[in-house]
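Everything below concerns the one structure shown next.
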Ligand SMILES: NC(=O)c1ccc[n+]([C@@H]2O[C@H](COP(=O)([O-])OP(=O)(O)OC[C@H]3O[C@@H](n4cnc5c(N)ncnc54)[C@H](OP(=O)(O)O)[C@@H]3O)[C@@H](O)[C@H]2O)c1
């Protein structure tokens with residue numbers, strides 16, 4: 001698979017690193033990136049080919065993965081349009097709908113839209129994928145193979161579900177960090193210094209996730225198992241219920257989903 005990345009920033013770097021580890025050949029990867037320092041770094045770190053602009057000629061490739069900021073997508077798509085034949089286009093830009101991108105690409109429709117998340121940077125990502133019905137199975141398989149290099153994938157049948165993916169796994173790492181921040185602050189209030197509060201919080205998250213992944217029990221059962229009647233965990237969970245923590249999470253995720261729909265509408269009007 002010959003793949004050309006448009007944009008050589010954080011996400012492209014994470015994807016390339018993951019793909020090389022999964023056995024993709026560096027000789028098959030090209031990055032179009034205007035910043036010479038980033039081009040040099042990509043060449044040196046990964047041994048991939050780089051070029052400064054699309055105008056200097058797009059190499060023959062099977063897949064074009066657009067990894068620029070959403071605000072740059074229209075200009076990039078318009079530059080790409082004359083070069084398209086039968087390549088798969090993968091877009092990871094937040095909020096840009098397939099129909100909008102297809103219009104900017106001059107009516108080209110072999111597009112898979114992906115919503116990755118930041119743990120992709122450490123190859124523990126969760127990516128949601130959507131393809132309109134006329135994208136063929138070969139192209140779907142290529143998109144999945146690429147995104148699997150940086151974590152897990154989940155296909156959705158409707159494009160609106162990409163907003164829901166954004167609300168869950170796209171923004172999700174921030175919810176986890178928010179809970180961690182609160183837990184560390186509570187630890188400091190109990191008298192722990194910063195380092196110890198951090199250690200207690202990070203190890204608890206790491207251990208709980210490992211336990212959940214390794215256990216046949218669901219999260220509710222695991223929670224019940226550590227909540228003895230009249231004990232400390234029960235006291236904590238009662239206080240959290242009374243403070244509306246669960247409703248807060250529910251409202252937060254609904255708000256993210258709603259904002260994703262709004263941003264999609266705004267970005268489509270560029
Ligand atoms: N980071 C995440 O966790 C995450 C999660 C979900 C989705 N995404 C999506 O992933 C995309 C990329 O995000 P990122 O964090 O990797 O951004 P980034 O680090 O800013 O990378 C974008 C790169 O594209 C370059 N670029 C800009 N215009 C270009 C052009 N016309 N041709 C070629 N390259 C161009 C930029 O160069 P300059 O810096 O010189 O402008 C920059 O190096 C965004 O659309 C974002 O919505 C990211």
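Quick reminder: no glycine exception, Cβ is built from N, Cα and C everywhere.
Since this is a predicted model, take the numbers as computed values, not measurements.
Under DSSP, residue 6 (NADP(+) binding site) is assigned to a strand (E or B) in the three-state scheme. Other C-beta atoms found within 10 angstroms of the C-beta of residue 6 (NADP(+) binding site) number 25, with every protein chain shown included. Taken from TrEMBL, the feature NADP(+) binding site covers 6, 7, 8, 9, 10, 11, 67, 68, 69, 70.
The domain 'Pyrroline-5-carboxylate reductase catalytic N-terminal' annotation in TrEMBL covers 3-95.
Annotated domain 'Pyrroline-5-carboxylate reductase dimerisation' per TrEMBL: 159-263, in sequence order.
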(message) From the DSSP assignment alone, can you count helix, strand and coil residues within the domain 'Pyrroline-5-carboxylate reductase dimerisation' (159-263)?
(response) 87 helix, 0 strand, 18 coil
(request) Within 10 Å of the Cβ of residue 8 (NADP(+) binding site), how many other Cβ atoms can you find? Include all protein chains, please. (result) 24
(request) Other Cβ atoms within 10 Å is the metric here; tell me which of the binding-site residues 10, 67, 69 scores highest. (result) 67
